[in-house]
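A.B. asks: For 373, the entry in TrEMBL reads active site, nucleophile. Marked as S-adenosyl-L-methionine binding site by TrEMBL: 242, 243, 244, 245, 246, 247, 248, 266, 293, 323. The domain 'SAM-dependent MTase RsmB/NOP-type' annotation in TrEMBL covers 141-466.
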């Protein structure tokens, strides 16, 4: 059930999305009322978290069963003895699913309040505690140990350090303050610890802060699917063109049994360092990460030898993942976006530059997987239609496993082509109302179906390169 308002967008962005979701092909197929209903449902669902927390097991270091047992013990501790099931995904054997309990409607709101930023609020709805930098305002007399009601400032209107806020705020649950108001707003830049420990969140999800860090990687279900679709094999040379923070890079290496070479590129230095840290933590030695702009990754002259560092010679890689920078409009929960239409629409040209580099770097008969965590037609199906026209050497391929729905109409792709894509549509199923009683009665197959359908918005396309460019 929907308990939060629909995602708040700038009018021009909402209209832009609406035009995409009510394009001529869709309206002809569904009728205008149904197309409009689906779009409004999507906006509502984006502000709510998915119904499952998804973690990927690092199978390079431990078996799925061993990690599942460790995780069951951890959940017992976190949930004070509540017995929440953990499901192993039947099609993604290294993925574990934990149902989210909520929305919980009988939480008593406290007089003492804390306001957190929208990003912090989104993290709380997915199981995080509140860290000091995320707290924007707190009641005048808030002391360490007080029971606090936590709210999200979804429109970013609350002033830092305010003692009261009467603007638009969304209730996230209650917690215990670990710091006093005075400590939080002391002006000390190094204050980074936990500010509020959430004890009664509206949506109950496990916290994964420092939980089995060598064995688990917190990852949305479609993100964990991408590397399986790429299907890397031991001994191959793989490129992850836009790799930070390294979730898919490390997954690729694990699926290859750490045998072969995985090159990870990102143009932001701190993000590259994060990829290296994750590879080290997860015990993966086949990963080499470089701070480099993926649009410039093709070596244009053959003279200078870069000894395995970017840029690379054309047709150097067996498989390439382009998990492209995107507008991120599929992320959940997301109650408000302040982005302008110019910002949302700015990604298509960048994605095409990266795609062009990827095609050049791919060997004949190599596999290219393109993915985004957004819902726009322009960044997804339109990119596929463009690629198939621009690069006659590319063929769209069926995907395995097929968990998402088919692609969206509106980009001129055939029904057969749409079936070869995977689009995860957050409006696909009604928002669940999950409590311990309904969990006890739920059938495993129904829970798995819900996990597959009620995820973030995401898109995957798989191509094979037929002949040399």
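Every residue gets a Cβ built from N, Cα and C, even glycine.
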A.B. asks: Applying a 10 Å Cβ distance cut-off over all chains shown, what neighbour count does residue 242 (S-adenosyl-L-methionine binding site) have?
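C.D. replies: Here the count is 23.
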A.B. asks: In the predicted model, what is the mean pLDDT computed over the domain 'SAM-dependent MTase RsmB/NOP-type' (141-466)?
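C.D. replies: 96, rounded to a whole number.
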A.B. asks: Just how many other Cβ atoms lie inside 10 Å of the Cβ on residue 246 (S-adenosyl-L-methionine binding site)?
C.D. replies: 27
A.B. asks: How far apart, in Å, are the two Cα atoms that lie farthest from each other among 242, 243, 244, 245, 246, 247, 248, 266, 293, 323, the residues recorded as binding S-adenosyl-L-methionine?
C.D. replies: 19
A.B. asks: Which residues, sitting 6 or more apart from residue 373 (active site, nucleophile) on the same chain, put a CB under 8 Å from its CB?
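C.D. replies: The answer is 220, 222, 223, 326, 328, 330, 331, 456, 457, 458.
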A.B. asks: Based on Cβ atoms within 10 Å, give me the single least packed residue among the binding-site residues 244, 248, 293.
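C.D. replies: 293, out of the binding-site residues 244, 248, 293, has the fewest neighbouring Cβ atoms within 10 Å.
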